[in-house]
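Visitor: Once you've had a glance at the structure underneath, I'll fire off some questions.
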Amino acid sequence: MMNHKRKKSHRCLVCAKGFCHVGNLNRHMLTHTGEKPHLCNVCGKSFSTVGNFNAHMLTHTGKKPFRCDVCEKMFRQVGHLKRHLLTHTGEKPHRCVVCEKQFSEVGDLKKHMLTHTGEKPHRCNVCNKSFGQKVGVKMHMRIHTDEKPHHCYVCEKRFRQVGHLKSHMITHTVDKLYPCNVCEQEFSRMGTIKIHMLTHSKENPRQY
C-alpha cells in the first residue's frame, strides 16, 4: 500500500518547523519577521496572510457564508464553524495532562493550562499589571482609556464589560424581588440589597 503522506522538505531556518510547500514556508516566515503586507482599506488594519485579510474583510461586509446544519447559525470563517460543531457533538479531544480535564478547543486548553502554571504573560503597558489571557489586558485597558463600549438601550448608561451591562439590564426587565424589611425599598438583586442594608447598620446609621 502506497504512503501518500507528503514529505516536509521545506524547513524554517528560525524555528526548524517543516512544510510540504515552499509557499507555506514563505507565509510562515512572516510570523518571524512581523511583516503584514495585506492592508485593509476600510480600517487600516494589516495582516500577514491573505487568508486572515479575507476573513477580516467579512467583518466589514457582514457576510457569514458558513452555516451550521444543526442549528443554522452562521459564521464568517469555516474554522469557527468547525469549532462550533463540537458544541453539538460534545466532543472534547484536547485533554489537560495535569488534571485530565477535557476541552473542545485547543485554545481553551492553553488558557486552562495557565491555571496550573500561574503564568501571566500578557502585561498592561501603562501600569504593568499582568494577566493570564490577552482578553484580560484588553478589558483592563478600558480603565485607563475610560472606554465603555456596552450601552443600555433603555437608559443609555454605558459599561466597560458586557457582564456589567447584563447585570444592569435586570433593573429594567424584572420585578423588584428583594424588599428591605427596614425601609421597604425594593431591589432586583440580592447583592444590591446586602449593600443597601449597610446603610441601616450600626456602623452607618443613616436612615432613609
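A Cβ is built for glycine as well, from the same backbone N, Cα and C atoms used for every other residue.
According to TrEMBL:
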type: DOMAIN; residues: 10-37; note: domain 'C2H2-type'
type: DOMAIN; residues: 38-65; note: domain 'C2H2-type'
type: DOMAIN; residues: 66-93; note: domain 'C2H2-type'
type: DOMAIN; residues: 94-121; note: domain 'C2H2-type'
type: DOMAIN; residues: 122-149; note: domain 'C2H2-type'
type: DOMAIN; residues: 150-177; note: domain 'C2H2-type'
type: DOMAIN; residues: 178-205; note: domain 'C2H2-type'
Visitor: Between 0 and 100, where does the mean pLDDT of the domain 'C2H2-type' (38-65) sit?
Guide: 86
Visitor: Short question: which residues 6 or more past the ends of the domain 'C2H2-type' (150-177) have a Cβ under 8 Å from it?
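Guide: Residues packing against the domain 'C2H2-type' (150-177) from afar: 139, 142-143, 186-189.
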